Structures are given as C-alpha cells and as structure tokens.
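Novice: Shown below is the structure under consideration.
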Amino acid sequence: MNETFSINLKDVKQDLLLGIIECNKRGLVQSAKWLSELSHGLTDVSVSFSGKSFENLHTGIAEEEYDDYVLAKSYFDVREYDRSAYFTRNCQSPVPRFLNMYATYMSKEKKRLDNMSDNSIVNSNSHVKDFSELLATLRADHGQRKLDGYCMWLYGVILKKLDLNQMAVQIFVDAINAEPTLWGAWLELAPLVTDKNMLQNLKLPNHWMKQIFVGYTYIELFLNDEGIKIFEHLQSAGFGKCIFIPTQLAIAFSNKRDVDKSIEIFRHLHEVDPFRLDNLDSYSNLLFVKDMKTEMAHLAHKAVDINKYSPETCCVVGNYYSIRADHHKAVVYFQRALKLNPRYLSAWTLMGHEFMEMKNTNAAIQSYRQAVEVNRRDFRAWYGLGQAYEILKMPFYSLHYYKAAQQLRPYDSRMLVALGETYEKLEKGENALKCYQKAYNVGDIEGVALYNLARLYERREEIEKAIPAFLRFCSDEKAVADKSSLCHAYMTLGNFYEKNDQFDKASHFAYKCLEHEESKREAEALLKTIANKRSQKAAAAAAAKETPSSADKEKSTDMDLEEVEMDESNVGRMVHMVMAQDDMLVENDEPEFQLEQGVDDISALSIIMEHGSEGNE
C-alpha cells in the first residue's frame, strides 16, 4: 500500500467513461453516479470519444436478445422489476443475463422492505428463503466459472446479506479484479475489512481505483491520518475537483474532532454543489456539535426544498428538532428516514440518542442494535448500548459494549473513562486505574480521567498516590467544568496538608473552597482547625524554651526561613516531577491497548505517586 503512487489522468478518464457505460447498461445507477461525479471532476482532461467508449455501448448484448433487453431495461428503470426479469428470463448474453438476476434480486428486496413494519429488524432469517433460488443459480454458475465481474458482485451482495462474510470477501475481490471500475464492489468490500493487516493482505489489482479504496477504508477503520495522506495526495495528483475526495477529508477531520476544519470543507462543497444531499447528515451532525442552530435551520429548509422525502433530508430535519429539544418530532423524522431506507445507519443511531433523551431505554437499545446490524463499526451505537445498560444497572452488559466501542476507537478517552467507571462498579480497581491512566495519557476530552483516578486511589485508601493526581487536576482549574469535583479536590488537598502540619498549603486550598458555596462551611471549619493548631504549636514552642538571647532569636529565625524555603522547594520539585513523568507517559505510550492482558504491571503514574509520598508531600 504505497502512497507515493503516480496516476495517468487520461487513462483514468477513459476507464471512467467505459465504467459509466457498463454500469448504466446493467442498471447499476449508484455506481454510475459515483463514476460520473469522478469523471466530471476531471473535465480538464481530454480524451478521444471515437475509441472504445462508444464501441462498448452494445457489447455484451446478443443481437437476437437486443429487443428483449431494451424493453426489460426500460421496465427496470421505472422500478417494475418483475416485468424486467420476466422478459430477460431466457437471455444468455452477459448484459441481459445480469439484468435478469439483478431485477430478480431488486424485486425480492423491494417487496421485503415494503412489507417491513416500524418494529421489524434490519436482518432476518427470511433472507435465506427470499434469495435461495437466485443464490443456487449464482453458486452453480460460479462453480462453472460462468460469472463475470458484475454477476460476482451480485453473488457477493447476497452472501453478505446472509452473513457469509468470509466467502463474500473473496467473491468481491474476484469481482474487483475482473471489473476494477465497479465502485459498488469496492464499497461492499470496505465494511468487511476488519483491520489494516487484512487490508494489506487483500489481493487487489494494481489499479488507480485501489488508492481511493484504501484511503476510504482507512477512514472507515478510523485510521484517519493514513486516509488523509492518501486523499491529499489524490487532490494534488489532479482529483481536486472530484467532490468525493474532499468529502472523505471532511469525514476524516470530523473523526479527528477537528470540527471547524470539517465544517469549512462541507461549506465549500455546499457552495460548489448546492443541491447535493449526500453526506448532508454528517454536515448537520457537525453543526449540532457546535450548537449552530441558525445554520441548522437554514440547512434543514434547503434540504426540504431539494427533496422532502429523502433519508438525508429527514435526518437533517430530525437533527434540527433535536437541537431544539423537541425529541418527539426528531424521532418522527428519523423514523421517516428509516421507512425510506431501513439500512440508513445515521437514522438508527440518532434515533437511539433521542430515545435516551426521552428516558425510553428499551427503545434506545433496539435502535442501537439495529445500527450495529447495519454497520458493526459504528462506535456510537456500541457506546450508546453501554450507556443504556448502565442506566439499567447491568454493568456486565455495559462492559461488553464499552469494550466494543473502545476497540473501534482505542485512543478516544470517552470510551476509556466509561470502561474505567464500569470496572469500578464491578470492583475491578486495577483495571479501572489502567483505563483512567490511559484516558489521561491519550488526551482527556472531558477532563474527568485524572479526577476519577485520584478518587479511586482515595477510595482504595492510597492517599499518598491520590494527592499528586489531585494536584495535577487542580493545576488548570479554568478547564474543569464540574465545580463540585474541583471543590472536593481542594478539600482533600487541604485536609491532607493540615494533617501533615503543612498549614500554609492547607490554608491555600481551604481559601479556594471558600469561593464555592457548597464547600464554604467545611472550608471555614478547616481554617479554624488550622488556626487552633498554629496557636497550640506556638504555645508549646514557647513553653519548651526559655526566653532566648537576641543572637539565638536571629539564628532561630534564619533556620525557620530556611526550613520554609526547603519545604516550598520540595513541593515545587514534587509537582514538577509528577508533571514531567506524566508527559513522558504520554510520549512513550504504547500504540496498542489491550484490556484483556491483565493489570500486573505497575503503571508509571503509580510509581510517580509512590515516589512523591517519600518527598514528604
């Protein structure tokens, strides 16, 4: 998978023109649309129109079958699939034969979707019965090597619907090698690729389409930096005007939580192609995250004007009602999207979120499960299932779903914090500590990992380890959203230093607590305790000593000042050491995080904390 590839744009344009013709002949409208958009982005590239492109208009259609084919294709185009299949039932040439099988498939699929009720599931056992005859025909032809690339694609689609994924992968690879410009085959293969290693071991043709597929799959696997590198290279290689390329970059930046850059790209795409609905739901999600209500309203009105009854429009309008906290209306629109396309991933996931807001946990679970059926790599659905079972107080179930989400997003601190909290509930403290430490090291998005770590140490009565974590947590108090956790950290630090007779530090944190109403009384009590201890200590010192000479007084004062300075320098050294070691933890963090391996190794942060306790902190 070498990203330093070179591309001949004239060859690309010629391949695209041929691919468009072949897909249109077979009724593969989505692949033809994608190829046409890519071709339109290469308008500056000139090719000869007198060559293979027009010669291929009628290839693959026997002369005696041409009239049947033309009639059947016209029926197919107006979605009369049974009539289309009937008039090509005896055809043997490649194009009409494919049209016959594809029309049969589309007829079965349309009837199944039309009969779906609101509570039906995405996948069901009826698939086997519906496609049994067609599957038997395709299997027999494949065994006799009679299938071309397009028929192999259809064979793979049916295998995938029946969850025969391993066989489907091989069939899709064969289809791609036979017909590299069949985008539908690449698109069906991408969700079946489980990791980078599998992607690199696929025996794919050395074709320019492979680079687009690799970049697309990297982003699907959340390997965003690798995907961005490929698509940026494609842009510089001449694909800059192809709308698919910047769309993928926008999705990758969104995955990396660079929301502003992603919104900027989507705005540009909307200006270039103002009537495009593809990926408009992703744009709407970003506006939702940034709480841009006015922009969401404009986007919803625009989408309704373009096509009121498209799944993308329904999702955009649903998001608009969601940001207005009208969750019932939002659910109605997400359900409309699913009636139009029951495999529309965004609608299932977003509807699950709405049910969670409405406290309808069972409905949320059902929605998230359907999202997982559509795409098992939707980390939001796995995470939503974990949250739902957490509300139902079923931590073992939560743990399973949070683990699935974390494996999809190994460097997302939200997944790690959720895992840590679940491990705490299951009284697996060592696992929880490891999760919180990892969440802090990878960049704590919500700013709670360090506090949870300190609190867990505190509950385990390992206060010497908790104190450095609390200190670090309090070091940037403006970034802490939950002021109650900040108050607790201040009080813990104040009480700790008071018990260790470090009254200046104890007073500092007690005064911090006075700023918050909820901890004001406790802080006042602590300050009184500190004042009493100071006076008792002073009285004891006075009683133990006779009145000293002026020289002894001066010497004693110098020693006291030196002792305070040493104490303050120790504190500074302690905090500096904790911060330096924590930074080393982040830099030296291992790329892989397997929760299954146990927690026998003592974490670096724990070692820092233990050393800190020896510094009389």
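Cβ coordinates come from backbone N, Cα and C, glycine included.
Any TrEMBL annotation is an automated prediction that lacks curation.
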Novice: According to TrEMBL, which stretch among 114-138, 539-563, 589-613 corresponds to the feature region 'Disordered'?
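Specialist: That would be 539-563, per the region 'Disordered' entry in TrEMBL.
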Novice: Could you tell me the mean pLDDT over the repeat 'TPR' (413-446), as a whole number?
Specialist: 91
Novice: Please list, for the repeat 'TPR' (311-344), how many residues fall into helix, strand and coil according to DSSP.
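Specialist: Split by secondary structure, the repeat 'TPR' (311-344) comes out as 27 helix, 0 strand, 7 coil.
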